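Report on the structure given below.
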Amino acid sequence: MMAAPSSALLDVRDLHVRFATARGEVRAVDGVNLSVAPGETLGLVGESGSGKSVTLRAILRLLRANAAITGEVRWQGENLLALPEKRLRDIRGKDIAVIFQEPMSALNPVISIGRQIDESLVAHTALDAAGRRRRAIELLDLVGIASPEQRLAGFPHEFSGGMRQRAMIAIALAAEPKLLLADEPTTALDVTIQDQILKLLLRLNRELGMGLILVTHDLGVVAETCDRVSVMYAGRVVESGPVDRVFTAPRHAYTDALLRSMPHGGAARAPLRPIPGQPPRLDRAIAGCPFAPRCALVEDRCTVEAPPFAVVAPDQRAACWASDRLAAREGVA
Amino acid sequence: MTALALTFRRAPASLIAGAAVLLVVLVCAVAPGLIAPYDPLAFDYGALLQPPSAAHPFGTDQFGRDILSRTIAAATIDLQIAIFATVGPLVIGTIIGLLVGYYGGIADAIFGRLVDLVVTFPFLVLVIAIVAVLGPGLSNMYIAIGVVGWVFYARLMRGEVQVLRGQDYVSAAKVLGYGEARILLRHILPNAARPILVYWMTDMALAILLGSSLGYLGLGAQPPAAEWGVLIADGKNFFSQAWWITVFPGFAIVFCGIGFSLFGDGLADLMDVRR
Amino acid sequence: MSKAGLIAARLLQILPTFLLIGVVVFVLARLLPGDPVSAALGDRATDEAVNRLREQMGLDRSILEQFLLFLRSAVQGDFGQSIAFRTPVTTVIAERLPVTLALTGLATLIALALAVPLAFVAAVNANRWPDFLIRGVFQVGLSSPVFYVGLILLTVFAAWFRWFPVGGYGEGFADILWHLLLPSTTLALSFSAVIMRNLRAAILEVLNAEFVDFARAKGLSRRVVMIRHVLRNALISTVTLVGLHAGSLLGGAVITESVFAVPGVGRLMVDSIFARDYPMIQALTLILAVVVSLAFLITDLIQMALDPRVAR
């Protein structure tokens with residue numbers, strides 16, 4: 001069963017992103033389907049190069065000129081990919097906000113934090129200068145930055161790594177977005193700070209009823225924070241469903257292998273096993289399942305025919321010919 | 001040889017275009033007599049101040065001298081300026097930059113002050129002043145440019161060497177007990193040389209601009225020698241009646257300058273030098 | 001460090017440079033061929049007159065003494081009498097320096113006005129025809145000698161069309177502007193090419209920065225993203241470049257002033273060299289070096305204002 005489209009906050013259908021490069025066309029995203037309900041937390045996981053960050057950026061058309069985006073991104077009855085740039089700007093930052101991995105490079109080094117918050121408020125609210133200042137202080141306070149009034153005048157290089165990430169979150173929250181796209185928000189941080197930032201995101205998600213798409217390569221982060229998860233491989237979503245289902249009963253051989261490769265992974269008592277081989281090159285066409293060359297459960301048709309992204313369990317979908325065998329093995333164990 | 005062939009295949013368009021332009025200038029400089037239709041110094045009182053025509057594509061000056069031939073002949077001196085005014089600074093600057101960058105210490109501190117000093121002086125003013133001391137003429141101009149110009153090469157070289165000095169392979173060479181001369185010449189110099197070569201191209205273009213400027217002011221090449229700046233100075237009093245005397249030698253300077261710039265840009269691309 | 005502290009530190013840094021400049025200038029002037037005294041008095045002067053002037057100018061003392069005297073008076077702002085003008089050197093320079101500053105200042109403004117928008121257009125259209133066109137035109141500008149550009153502008157716009165005066169300097173703001181427009185455009189041309197090239201590269205680099213993506217993700221208008229985020233960051237390195245070119249701009253002024261007969265210090269320098277006017281050459285070189293140093297200082301201050309990472 002799939003959630004009815006009308007209940008979804010954001011619905012990504014058959015998203016393709018192709019980059020024109022000097023060495024030919026690269027299919028970074030190849031038919032991705034995603035959906036997020038209001039207030040829901042969706043984890044988007046995959047190895048680096050699997051297309052998860054590109055997918056995230058494609059939602060708001062933040063990619064460079066050499067990227068061709070096709071498909072549909074439905075947001076409140078509109079297709080974001082077809083909107084004129086001017087209309088899209090009203091949605092960027094106001095309805096859907098983004099935070100990036102590296103706050104040091106995502107924040108403008110020569111503009112004060114206060115001004116960078118103010119910019120968003122000017123663009124998306126009707127507040128006057130005093131009102132915007134009050135709101136900016138409120139935002140810094142909300143994300144847990146101490147003595148926010150003094151910090152407003154500070155510049156990014158004067159903040160610590162964790163504080164910078166909090167500041168970036170404050171900027172993103174300025175116009176009270178309904179959905180936050182977070183691109184590896186904790187990867188660049190120390191472990192202890194990582195935890196604080198994740199807790200902050202979760203709290204905001206709960207308190208503000210804000211949907212969240214969390215892109216990460218860390219399955220542990222997803223297990224800790226997300227309601228649902230979509231697993232990406234070679235530019236496609238190979239499996240998606242509720243986190244507790246997908247992580248305990250994966251129905252795609254890749255998800256299964258990924259979980260086994262992690263310490264404290266979902267599949268209990270299974271030996272830790274790295275996935276052999278490399279992800280396929282995306283600058284040439286892939287016949288069949290892209291994971292087949294590395295797959296332990298590969299069968300003949302895997303290399304010929306791409307498996308459909310089919311419902312494999314209630315609210316769970318996977319694109320794997322071996323999903324039945326995975327289910328059967330689960331029954332035995 | 002294969003490396004050369006590979007280089008040629010990877011050569012950026014700007015490198016090839018620049019090389020073509022410079023080749024034209026070089027041919028003019030080496031064998032002006034073969035290309036020039038007239039003797040650049042021959043007076044022709046039957047053809048004074050003639051506008052460009054089939055017989056004289058660039059026209060003639062107030063003595064009936066053919067401007068095309070004079071412009072071609074001037075390539076000899078101007079290319080000589082490009083080379084002679086820069087080779088000294090290139091060699092001296094590279095050596096000093098290499099030593100100062102590698103050994104550091106007090107020499108480096110003195111060098112730093114010297115750089116401050118040189119950048120504080122308007123270069124052209126200083127060169128003019130030195131030429132004034134030594135007397136007008138080409139050789140004195142080379143000396144004047146050399147006295148100041150080496151500092152720019154040395155500064156560039158010093159920066160490169162300081163980066164390279166900390167690199168693993170240099171440390172490895174030290175651990176292996178290689179002599180310092182060998183480390184400097186075999187390991188550091190070849191790697192640091194690329195930006196220097198690129199800068200050399202730019203500098204040759206600058207040298208032609210500077211040389212022709214001094215020629216124009218009467219401090220560089222002396223008439224009746226044909227030099228582009230001198231030719232322009234010769235024609236400036238006739239500009240209103242006979243623009244061609246001034247305009248065409250100027251084209252030659254621009255043409256040559258673009259050649260060096262393109263070649264330098266191409267070289268930078270090819271050798272992956274950031275500027 | 002506070003801003004005042006930084007300025008003080010920079011000023012202190014300049015001092016040893018000034019001393020070295022003094023040495024160089026002094027030595028250079030002593031090396032000039034020809035005798036300044038006979039240059040001043042002509043060949044027919046009596047021995048008595050020559051000796052009197054030698055004494056007056058301190059030329060009868062030892063070199064070291066002469067140098068110390070030179071330094072002392074330089075610090076006091078006294079550079080002696082000009083041999084050519086027979087008035088205090090400082091009087092002549094005080095009259096001429098503003099002309100050159102106006103010329104180079106206007107040239108800088110023109111160069112920036114040309115370079116900044118065009119660098120922007122070139123960078124945004126990188127490797128498409130507007131970029132190639134702009135870079136091509138500026139490449140020609142960069143390869144054209146100042147005196148050549150000056151001669152052409154002078155002949156075309158002053159001699160043929162008579163839109164501008166053929167030379168000299170005016171009185172009153174509008175008249176001065178009218179007189180200086182051609183010479184400063186001449187001077188600005190190659191300078192703007194240097195700025196354009198640097199700024200284009202800087203903009204391209206900034207366009208790739210993630211904070212530009214983030215600014216777009218905030219829903220800011222294209223104008224705000226381009227000006228406040230891209231251009232402003234790219235201009236920081238351009239400011240440094242403009243400052244570093246103060247010296248070559250003054251060098252260009254020497255030639256421009258000669259071509260357009262502008263009565264500034266550049267032309268004065270050339271005239272003084274031919275006239276062997278030692279005190280004038282010394283004073284001019286020193287003052288030009290001071291002007292360049294001050295330009296560096298101003299550059300540093302602007303950079304501090306633009307880039308918070310530098311100051312604190």
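Just so it is clear, glycine is given a Cβ too, placed from its N, Cα and C backbone atoms.
Small disclaimer: the values here were computed from a predicted structure and weren't measured.
The annotation transmembrane segment is assigned in TrEMBL to C:12-32 (among others). Non-local neighbours of the transmembrane segment (C:12-32) in the same chain are 63, 66-67, 70-71, 74, 273, 276, 278, 281-282, 285-286, 289-290, 293, 297; each lies 6+ residues outside the stretch with a CB under 8 Å from one of its CB atoms.
Among the features that TrEMBL reports, domain 'ABC transmembrane type-1' is placed at C:97-299.
Annotation source TrEMBL lists transmembrane segment at C:101-124 (among others).
Cβ atoms under 8 Å from those of the transmembrane segment (C:145-164) belong to residues 178-179, 181-183, 185-187, 189-190, 252, 255-256, 258-260 of the same chain, restricted to positions at least 6 beyond its ends. If you look up TrEMBL, you'll see C:145-164 (among others) marked as transmembrane segment.
Packing against the transmembrane segment (C:176-195) from elsewhere in the chain are residues 102-104, 106-108, 110-112, 114-116, 119, 138-139, 141-142, 144, 146, 149-150, 153-154, 157-158, 164-165, 168-170, 238, 241-242, 245, 248-249, 252-253, 256-257, 259-260, 262: each is 6 or more residues past its ends and has a CB under 8 Å from a CB in it. Residues or ranges marked as transmembrane segment by TrEMBL: C:176-195 (among others).
The feature transmembrane segment is assigned by TrEMBL to C:230-260 (among others).
Taken from TrEMBL, the feature transmembrane segment applies to C:280-302 (among others).
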Next on the checklist: Using Cβ atoms and a strict cutoff of less than 8 Å, what residues sit near the transmembrane segment (C:280-302) while being 6 or more residues removed from its termini?
Outcome noted: 6-7, 10-11, 14, 17-18, 21-22, 24-26, 28-29, 32, 70, 74, 79, 82-85, 89-90, 92-93, 97, 101, 239-240, 242-244, 246-247, 250, 265, 268-269, 272-273
